[in-house]
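Dumping the structure here so I can ask a few things about it.
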Amino acid sequence: MIDVTTTFVAKGCQRRRPHVVACSRRIATFAFASAGDICTAHLQEEDSQYSIVNTTAAHESPITCLKFAKWVDEPDGYERVDYIIVGSADGSFTVWIVTHNEAQIIECALFSKLEGKAGGAITYCAGAVHPENTTSSSIFLTSAYSVPDGTLHVRSRSLENYFEPNESEAQISFAPDFALCFDFHLISPGTLIIAVGCSNFTVEIVSVNISEKALMRVLTLHGHTDWISSIAIKEHEGDALLASAGQDNLIRLWRFSANKQSVAEGDAYESHGAPESEVTLRPQIINLQSGDGCAVEVSVRLEAVLGGHDAWVHSLQWHSIRNQLLSVSSDKCLILWEPSEMGGGVWLEKVRVGDVGGQAVGYYGGCYSPAGTMIIAHSYFGGFYAWSCKQECSDDNGFWEPRPLFGGHSMAVCDLCWDPSGSYLLSCSLDQTTRCFAPCATTHSYAEIARPQVHGYDLACIASVSTSCFVSGAEEKILRAFRAPKTFARSLANISACEYEQLFPDTVMLAEQGASVPALGLSNKEIGEDPGLVFGLGGTADELASLVAYPVVLEELPTEDHLMQNTLWPEIHKLYGHGFEVFSVAVNHTGAVIATACRASQRAHASIMLWDTDRWERHAELLHHQLTVTQLEFSPDDSMLLSVSRDRTFALFSQLVEGPFNWKLIGTSPESGNVHSRIIWSCSWSADNKYFATGARDRKLAIWSVSRHSEEVKFAMESKRFASVTAVAFCALILNGCYVLAIGLEDGRIEIVSWDPADIELSVLICLNRSLAHSQTVRRLRFRPVIGEWSPKGGNAKRVCELASAGNDNAVKVHRLHFT
């Protein structure tokens, strides 16, 4: 028997997209989009550290918009339920039920789905939960989405009739303009409106009558001078406050005041006020038809114009309790706005937080925490930032301070590796970063503690040489070696509660200082004693604090801005020799030999190069393959080197007694009757050096037996899986003579199987689905080199293993396997 628990998930937010984070006050849940997944996290204010607790494979294409539904009523029976409205790049539109039960488990279940009929990527989506009308007790979820042809689609469905998915739908066109953003509001019972921000710089007010499948424009608000990117509506003292913002850097507030009165039926939907295209301060009057047949007169007037940002305003959100507005901008600032105590429609900047200098490149979205005492933002690169108020926000002396939050890669994760001691995990990604994850002893969780490399090329492979050194390869012809600084070593010891001397017994192998990257460079340069002179600029460290790295020993988890700028490792060597982009790398278990390979379309370029880690020189080349070598792995005793290739063959090299760089080919794929007919993606050795496994695009997993002394490789068995095998890893545990393997598939699933050499079939112990494992292709699987829990105080349980996985869904996950 086996129990599998996902103990750690690292994922970054969608890059360069607003409207992909949301927070539900009803169920104290934070949600964000990453690739095609909905990721959820606890946001309990009493927690000292937050972590991602669940990922749901929602869409095959990247999610373009994600919003929690707005609840305009509080019906009984829905206390622990909320709804997420999601749109994707392939035009799919879904609604998900999110539950947060008393056991603090967050689950997402599909409620409604529209399969790719939108005619383009979903530009924006939102929803509202509201009563049908004043005379009915039925509760409806009305959702909407916009597409690039300028059409706004509105759908409505009763929450009571869950098993009768009859949805009414209506649509309205704003062509040739685009509907860029919108929000719902219930002006009065039964009177639902949508405020739509358009590319013609106007806000269109649309009346919704779902029962008659009718949408009608009733008012146009002018004033903005550029595209409108965000709209938020809040009820306040019986009125509605509409905030709109966009690329003119300004925020405009309109106040809607409703009065129900008896009017002739023909007067409904009539409006009067300013002529078209005219900006006015005078109130404008519209008449709307309510759900009970009466007419509602609504007065609309401009409340205020807020100017405080120096760049596009991407996101707006109202505080759930106070009359306070959060704005998020590309100028690296978040501002909290409140009305002046003097009244008169004057709004003032209450709080401003953000970055000065650094590499944030502005913020693309943000929201309040459920209690409103914390604000969260995400940046251009997909990183999360958070600020919490030490005192009540209503206190003028309230102090907002940055705090660490979850995060991860924002593009596909190509490779990962454990350090030899199993203390921390390294990963590299197409987002051009290398990240280091480790346990946090104080919060009993896991988090990113360093970002050793921020590169200018997409990273492809990584391998750990020792606890204090690793090498990585990117879409360039060289490999780079990095050495851990002493600040990292002491920070790891402090955060993970590890013994510093035990992890790093030889401190000579550590760099004295951290590193920084020159403005026009790609290499991490070690910082001298005077950080103010790193770039030869003169001046003091204080004057250049926003430009240069300033590494420090950490006592607690770092924030995103600290990770980006102050946790780099110095680059110690470059390895030149390959003619094309480096594709795979492996290091033997003693850390003395590095094997590398690059992209190749002919035999001369498909060589495997061997390097030493003492003088960092190339010593040998191994030739066999005709095309790109996709993966390399040394045997556990370092006596053999296995390679697999795009040419559909494997090669097995044996080390000769003459020295560590003398190898000969002792085995390869059979010339006739080759098991694999497509590219071989992955390989792995068993812990006893007797077997190795290969996985290929032809959906086959093959296991081979090896006898080094007789220099013989024999085919043992093959098994056809449900999808292409893209990653495979042997577990160090051998249970009752049976080997345990993890198999990563192209569709994102991970299978844990056992194999008895006496049998010809694999036994599937458990299969992790696309939500528990990955929603896209699994790129790499690595078992922790030490048996036991990945925790300073976890002990060395003999039947517990930790499996790290990386995938194209931007995720790094760690799964704990407990064999019973």
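Heads up, the Cβ atoms here are built off N, Cα and C, so glycines get one too.
Feature list, courtesy of TrEMBL:
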REPEAT    221-264  repeat 'WD'
REPEAT    306-338  repeat 'WD'
REPEAT    622-654  repeat 'WD'
REPEAT    673-714  repeat 'WD'
TRANSMEM  722-745  transmembrane segment
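For the listed features, I'd like the structural context: burial, neighbours, distances.
Listed by sequence, the residues of this chain that lie at least six past the ends of the repeat 'WD' (221-264) yet keep a Cβ under 8 A from its Cβ atoms are 18-19, 180-185, 187-188, 191, 195-199, 201-205, 274, 277-280, 284, 287, 290, 294-307, 309-318, 323, 325, 327, 329, 337, 347.
Sequence-distant contacts of the repeat 'WD' (306-338) (same chain, at least 6 residues past either end, Cβ-Cβ under 8 Å): 18-19, 25, 229-234, 236, 241, 243-247, 249-253, 347-356, 358, 360-368, 370, 372, 375, 377, 380, 387, 393-394.
Within its own chain, the repeat 'WD' (622-654) is flanked in space by residues 583-590, 593, 595-603, 606-610, 663-669, 674, 676-685, 687-689, 692, 694, 696, 704, 706, 708, 711, 713, which lie at least six positions past its ends and keep a Cβ under 8 Å from the stretch.
Beyond its flanks by at least six residues, the repeat 'WD' (673-714) meets 630-631, 633-637, 639-640, 642-646, 648-650, 652, 654, 666-667, 720-734, 739, 741, 743-744, 746, 755, 757, 762, 780-781 of its own chain at Cβ-Cβ distances under 8 Å.
Away from its own ends, the transmembrane segment (722-745) comes close to residues 678, 681-688, 691, 693-701, 751-757, 762-763, 765, 773-774, 777-783, 785, 787, 799, 801, 803, 805, 807, 817, 819 of its chain (Cβ-Cβ under 8 Å, at least six residues beyond either end).
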In the repeat 'WD' (306-338), how many residues does DSSP assign to helix, to strand and to coil?
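Final tally across the stretch: 0 helix, 19 strand, 14 coil.
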Please work out the helix, strand and coil residue numbers for the repeat 'WD' (673-714) from the DSSP assignment.
0 helix, 23 strand, 19 coil
